[in-house]
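The structure under discussion is supplied below as structure tokens; questions concerning it will follow.
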Amino acid sequence: CKICGKGFDCPSSVRNHETTHTGEKLYECKQCGKVLSHSSSFRSHMITHTGDGPQKCKICGKAFGCPSLFQRHERTHTGEKPYQCKQCGKAFSLSGSLRRHEATHTGVKPYKCKCGKAFSDLSSFQNHETTHTGEKPYECKECGKAFSCFKYLSQHKRIHTVEKPYECKTCRKAFSH
């Protein structure tokens with residue numbers, strides 16, 4: 001990212017991230033409600049719904065246009081956590097999750113809300129802001145339930161499907177979130 005220096009594997013991911021600085025959001029997926037900022041990111045995202053991508057998950061059938069996004073998706077099935085905190089040893093499947101976690105050790109919280117609450121990462125701050133506005137822009141197409149955060153909608157949608165991407169390594173039981 002030219003603004004904050006954060007690194008990404010895919011050019012489309014960089015473009016999407018840069019809009020967190022500008023607030024620009026242009027393309028909304030009618031199938032899942034995800035909002036993307038560029039037509040190329042939107043096209044890449046649509047592959048996950050159409051199944052036309054060059055990388056296809058053998059477990060659930062989801063397709064991906066970007067190899068790194070496919071690799072990241074595979075971790076939801078394998079449970080692989082290649083990113084480890086040097087300070088406490090906790091492991092994560094996503095590099096962004098590790099970065100958010102590392103901020104808990106430093107105590108740095110640059111995103112401050114008018115209510116006085118502060119956050120170490122932008123997405124948590126933005127999610128928090130919706131508690132003041134009551135805004136719930138992400139709606140389930142199946143039942144109409146609305147959510148303030150895309151992540152919560154994604155978790156909710158699994159009640160309408162059999163998708164259980166998280167598996168316990170000890171007992172092999174699968175979970176939806």
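Glycine is treated like the rest: Cβ placed from N, Cα and C.
Checked TrEMBL, it gives:
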DOMAIN    1-26  domain 'C2H2-type'
DOMAIN    27-54  domain 'C2H2-type'
DOMAIN    55-82  domain 'C2H2-type'
DOMAIN    83-110  domain 'C2H2-type'
DOMAIN    111-137  domain 'C2H2-type'
DOMAIN    138-165  domain 'C2H2-type'
Apart from its near flanks, which chain residues at least 6 from the ends of the domain 'C2H2-type' (138-165) lie with a Cβ under 8 angstroms of it?
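Distant Cβ neighbours of the domain 'C2H2-type' (138-165) are 31-35, 60, 76-77, 127, 130-131, 174-177.
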On the DSSP side of things, how many residues of the domain 'C2H2-type' (27-54) fall into helix, strand and coil, could you say?
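The counts are 12 helix, 4 strand, 12 coil.
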